[in-house]
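Trainee: After the structure tokens below, expect a handful of questions from me.
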Amino acid sequence: MNDMTPPVPRRSVSEIEALFALPFADLMYQAQGVHRAHFDPNRIQLSTLLSIKTGGCSEDCGYCPQSVHYDAGVESQGLLDLGDVLKAARAAKDAGASRFCMGAAWRGPKQRELEPVLAMVREVKALGLETCATLGMLKDGQAEQLKEAGLDYYNHNLDTAPEFYGEIITTRDYQDRLDTLERVRRADLHVCCGGIVGMGESRTQRAGLIAQLAALDPQPESVPINLLVRVEGTPLAETEALEPLEFVRTIAVTRLCMPKSFVRLSAGRQQMSDAVQALCFLAGANSIFYGEKLLTTGNPEWERDQRLFDSLGVTAL
């Protein structure tokens, strides 16, 4: 793997659309070549995600069953006890995960809410795991507190292209997201930032999301690509499913535009066949969320993932 390469060119939306339009075999060939230039193609990074505070969120994200605006059958749950978080973190480490992400359904944490999360970060870090948190928007100084506690990564997704964003969320604007990402960078935290596809956006808008992500400077260290999980009770429950090969194309284009980032298969993996996941790995995905639940939606069981890894000859980082 050779990192002595020129800076990554910033591509326009039309240039990214042209990548999407390549013949499938050509796109996969290019993406796999770029992937091999920067990563071992047979190693996958494993992260586990735990909801440390569930439901009751004031935001109106149209895909999210945790919003107070929708009746999606999610029971609100207060912040977990430290002991419960550590129990889950130990189980994740024993199962092979190298990173543990803690997610809270907040618009953003108040200082009194942040304090117990800082303790969670310190204790999970002491287990020898990389730490990640997704807590919503951060105020000035909060990213620095998380960094001091031992946080490695902060997740804050752009979700979709600016042109489609207002169709999905009205309680938080695009600049709010960019401002939080800037605070995270200033605190010298690694950035985990991606989006969701299959929400009814056009291919042009998928290209627009990737263009926005790739334009972040520096580019995110981790890029989670979520496939919409259509949850009954949310506004997007009846959205037409994205074609599997279009999702694979999205992974390949993401790899070409962000060659040094870890590209993670995130939500929606439970509904993918092993063959589709294998194509995603071939296209440059090299990270997954590992464990039977992602916040409030399902995820493949550990045993299924291990069987898939064995059949593909890949191992965990």
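Think of each number as a place in line: the chain as shown, counted from 1.
Glycine is no exception: its Cβ is also placed from the backbone N, Cα and C atoms.
Computed from a predicted structure; not experimentally measured.
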Trainee: Look at the [2Fe-2S] cluster binding annotation in Swiss-Prot, where CYS101, CYS192, ARG264 are given, and name the residue from CYS64, CYS132, CYS280 listed for that site too.
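Mentor: Among CYS64, CYS132, CYS280, only CYS132 appears alongside CYS101, CYS192, ARG264 as [2Fe-2S] cluster-binding in Swiss-Prot.
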Trainee: Can you tell me the mean pLDDT for the domain 'Radical SAM core' (42-260)?
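Mentor: Mean model confidence (pLDDT) across the domain 'Radical SAM core' (42-260) is 94.
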Trainee: Within its own chain, what residues at least 6 apart in sequence put their Cβ under 8 Å from the Cβ of CYS57 ([4Fe-4S] cluster binding site), listed in sequence order?
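Mentor: For CYS57 ([4Fe-4S] cluster binding site), the qualifying residues are CYS64, GLN66, SER67, VAL68, ALA105, TRP106, ARG107.
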Trainee: Just how many other Cβ atoms lie inside 10 Å of the Cβ on CYS101 ([2Fe-2S] cluster binding site)?
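Mentor: Looking across every protein chain shown, the total is 29.
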Trainee: Would you kindly give the Cα-Cα distance separating CYS61 ([4Fe-4S] cluster binding site) and ARG264 ([2Fe-2S] cluster binding site), rounded to the nearest Å?
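Mentor: So the Cα of CYS61 ([4Fe-4S] cluster binding site) lies 21 Å away from that of ARG264 ([2Fe-2S] cluster binding site).
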Trainee: For a quick check of packing: other C-beta atoms within 10 Å of the C-beta of CYS61 ([4Fe-4S] cluster binding site), how many?
Mentor: 21
Trainee: Taking the Cα atoms as reference points, how far is CYS101 ([2Fe-2S] cluster binding site) from CYS61 ([4Fe-4S] cluster binding site) in Å?
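Mentor: CYS101 ([2Fe-2S] cluster binding site) to CYS61 ([4Fe-4S] cluster binding site), Cα-Cα distance: 21 Å.
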Trainee: Write down the Cα-Cα distance for CYS61 ([4Fe-4S] cluster binding site) and CYS132 ([2Fe-2S] cluster binding site), rounded and given in Å.
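Mentor: The separation of the Cα atoms works out to 22 Å.
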